[in-house]
Amino acid sequence: MGTPQFPDLGKHCSVEDCKQIDFLPFTCDRCHLVYCLEHRSYIKHHCPKADKKDVTVVICPLCAKGVRLIPDEDPNITWEMHVNTECDPSNYDKVTKKKKCPVPGCREVLTFSNTIKCRDCTLDHCLKHRFGPDHKCPGPKKSDPGFPFMGLLSRSRKESKTNQAPATSSSKWATSFLNAASTVRASAEAGMTKLGSEISQKLQIARDGVGLSSSGGRSNGNAGQVEECPQCGAKFSSVTTLVDHVEKVHERNNQSRVFKMSIDVCPKCSKGFRDPVALVEHVERDHGGTSKA
């Protein structure tokens with residue numbers, strides 16, 4: 001075997017009926033024997049250890065998962081271990097039943113490349129029924145009308161539509177400013193009304209006291225009684241003096257408070273307005289709804 005220069009060149013096939021010398025022999029990775037080109041496969045030389053590294057996978061009929069059988073282990077033990085540990089029957093429908101288009105009569109299977117999610121109903125559809133009219137889309141979900149914030153939001157939207165300006169951002173600013181001005185004006189009017197009613201009530205009480213004192217105050221001996229102002233706490237010897245004090249001091253101050261109003265200036269044309277609502281209407285009408293200079 002071999003040549004004088006290479007005495008170890010070539011080997012005989014390990015098959016008894018062959019024994020052919022091969023200068024490029026094949027060594028089996030299972031039984032580690034040498035074979036020729038014809039008997040190099042496991043089946044041709046009937047390798048007794050061919051199944052040690054063989055990979056066999058059985059599909060579980062309960063969960064549709066693959067179960068790998070171990071060569072040196074009983075298949076029944078491997079199957080029982082799978083059933084007791086990782087078998088999940090709920091996974092069977094996910095694997096076997098493929099997702100289809102929800103449109104009645106459409107049998108298109110939804111895959112990664114042909115699935116479109118509708119922005120309104122958030123459902124997956126095929127490419128054929130991706131538009132709303134094609135799958136009879138009910139539209140976006142309506143908000144709960146019982147929630148108070150949603151009513152306020154819808155009302156503000158209606159107001160913004162009626163008072164719509166050329167610029168959308170400017171109309172939103174004008175609407176919010178109008179609401180704030182109306183709230184401040186209403187609270188100011190309520191406070192001044194309450195203050196005026198209190199002053200009128202105090203004056204009426206003082207005048208009633210003057211009538212009583214003039215009719216029978218002297219006969220009852222109440223000349224030395226001291227009267228106190230309910231506003232500033234000043235003391236007077238008679239009710240008449242107290243009434244004069246209230247009319248001259250406190251009523252004049254209250255009138256000055258009532259008629260003292262702040263003037264809001266337009267940032268575009270520097271025009272003054274006493275009413276904030278009038279300022280907002282001026283900005284929307286004359287300046288296109290924007291307050292930026």
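Numbers here mean position along the shown chain, with the first residue as 1.
Glycine too: its Cβ is placed from the backbone N, Cα and C atoms.
Any TrEMBL annotation is an automated prediction that lacks curation.
Lifted from TrEMBL, the feature list:
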- 7-55: domain 'AN1-type' (DOMAIN)
- 95-145: domain 'AN1-type' (DOMAIN)
- 148-171: region 'Disordered' (REGION)
- 162-171: compositional bias 'Polar residues' (COMPBIAS)
- 227-255: domain 'C2H2-type' (DOMAIN)
- 264-292: domain 'C2H2-type' (DOMAIN)
For the domain 'C2H2-type' (264-292), residues assigned helix / strand / coil by DSSP: 11 helix, 4 strand, 14 coil
Predicted model, mean pLDDT over the domain 'C2H2-type' (227-255): 74
